[in-house]
Amino acid sequence: MGSKKRPFSTSSAIAKSNEPMGVAAEKGVSKENGDKEILVEDMETVEKMTVPQLRVKLRSLGIPSRGTKQELVASLKTFLNSKLDDAGNGAVAREDQVSSDKSVGVADNTSKRKARKVSSNQSDVAASEVSSTRQTKKWVKKDNTKDTSVDIIVKQAEITQELSAESNDIKGKKTVRGKRKVSSATASAHIGVSEGVDISVNQDEPWTIFAHKKPKDGWIVYNPKTMRPPPLSKDTKHVKLLSWNVNGLRALLKLKNLLIQQLADREDFDVLCLQETKLQDKDVEAIKESLSGYENSFWTCSVAKLGYSGTAIISRIKPLSVRYGLGIPDHDTEGRLVTVEFDYFYLLCGYVPNSGDGLRRLTYRITEWDPSLGNYMKELEKSKPVVLTGDLNCAHEEIDIYNPAGNKRSAGFTDEERQSFETNFLNKGFVDTFRKQHPGVVGYTYWGYRHGGRKTNKGWRLDYFLVSERIADNVHDSYILPDVDGSDHSPIGLILKL
């Protein structure tokens with residue numbers, strides 16, 4: 001199956017070896033458990049072992065034997081060097097560079113190619129790095145679709161981040177290793193990979209993975225721990241708004257009975273806007289009774305299709321007035337909009353229609369719904385500033401979606417929807433508060449269940465707070481709460497100074 005030469009052996013095996021004993025003596029000998037001599041041969045011999053031979057030898061020494069050939073070789077070198085140090089035999093003598101006629105053959109998918117020659121000191125460092133990272137790294141297989149772009153990874157630590165990833169070019173011609181450190185203030189970086197996604201970051205915080213297939217220089221990942229401003233003083237008058245597509249409120253409450261109340265206790269919001277409640281009118285009263293401290297709640301349910309769509313506003317502040325829908329019968333049968341009027345602004349909780357499978361509702365969306373909603377907001381704005389929040393079902397720019405190239409004709413990222421978003425909202429003077437505050441930040445609010453996108457942060461930003469331009473500078477913080485689960489969307493928040 002492979003070379004019969006072994007990288008190290010017992011003393012009985014040494015006698016049978018064809019290697020000159022002088023060479024063996026120069027390499028050094030150490031003891032294991034007091035009864036076994038280990039002969040350290042030159043690094044070229046170790047590297048020429050086959051993968052099965054390396055794994056057998058590593059297992060016999062009680063060393064993890066999973067990984068690529070290079071990682072197995074590096075682990076073995078690390079073990080040998082540590083044994084030599086423990087025995088006091090000093091560092092293994094080594095030429096500064098391996099001669100060109102002893103280049104190491106590295107296995108490839110279809111052929112072997114020569115590897116770059118390294119000094120023993122470099123080998124020791126590489127071995128140490130691989131040995132330490134192998135214990136903490138997991139690899140997740142990529143989606144079945146073939147990617148011609150790169151996945152983006154980030155590992156954030158409390159003080160520094162260490163990033164390590166392997167990049168394989170799409171034709172399998174080359175392998176590149178990248179290693180660097182980033183400060184927690186930057187909190188992000190990116191390294192391309194095409195064969196897998198390194199999720200070596202803290203798995204309790206998968207949103208700190210910088211994931212994007214077409215990144216631009218300067219983009220960083222959103223991390224609420226480092227990017228949110230200090231709280232406002234108690235003397236500063238403000239309102240705290242939250243919005244969340246719950247993807248079925250009854251199912252959410254069955255799964256996590258006290259989740260809404262726990263969110264209220266933690267975030268101490270003034271107003272919570274919900275989308276896709278999927279409730280019927282008969283369900284509303286029971287849920288109202290479970291809300292402690294929020295006596296004002298306003299619900300609209302779909303009558304066109306029961307258990308579908310639905311929006312709500314839950315508030316500790318009593319509004320001046322409440323409206324349901326756009327006032328247009330063709331748009332108001334699915335429970336997609338609630339408007340409340342406060343002293344200083346109107347608040348709209350909206351759930352924009354999804355263009356659907358095969359983009360069957362795309363024309364309705366961009367020619368009827370979006371223009372009607374934009375005109376309605378401009379009409380309200382004549383008397384007070386307007387805040388629109390909710391699932392607007394559009395990733396406006398390429399920074400707002402993990403895989404822009406692969407979703408050009410997917411509902412939520414078509415050119416038509418993105419242009420409609422600009423025409424009917426942004427160009428009419430409404431400001432995307434998150435993007436204004438974080439112009440080069442990749443932050444998602446939706447991750448599909450189908451491919452487990454939340455675990456690798458492969459998501460979309462579909463949820464927004466849009467505000468009238470005249471109050472845009474009053475926004476203290478526009479943020480995402482990616483740690484709150486229970487839905488395929490995360491809540492978003494807005495702190496507005498009054």
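Heads up, the Cβ atoms here are built off N, Cα and C, so glycines get one too.
Bear in mind that TrEMBL entries carry predicted annotations, made automatically and left uncurated.
The shown structure was predicted, so the numbers you read here are calculated from the model rather than taken from an experiment.
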Q. Given the ranges 89-136, 137-184, which one is assigned the annotation region 'Disordered' in TrEMBL?
A. 89-136
Q) Of the ranges 1-30, 31-60, 211-240, which one does TrEMBL list as region 'Disordered'? A) 1-30
Q. Among the recorded positions Asp463, Asp488, which residue has its Cβ surrounded by the fewest other Cβ atoms within 10 Å?
A. Asp488
**Q.** Env. residues of Mg(2+) site, Cβ within 8 Å of mean position of Asn245, Glu276, Asp391, Asn393, Asp488, His489 Cβ
**A.** Asn247, Gln275, Tyr351, Tyr446, Leu462, Asp463, Ser487
Q | Structural state census, the domain 'SAP' (46-80) (DSSP three-state) | A | 24 helix, 0 strand, 11 coil
Q. C-alpha of Glu276 (Mg(2+) binding site) to C-alpha of Tyr351 (active site): distance in Å?
A. 7
Q: Could you round the CA separation between Asn393 (Mg(2+) binding site) and Tyr351 (active site) to a whole angstrom and send it over?
A: 8
Q) Using a 10 Å radius around each Cβ and counting other Cβ atoms from all shown chains, which of the recorded positions Glu276, Asp391 yields the largest count? A) Asp391
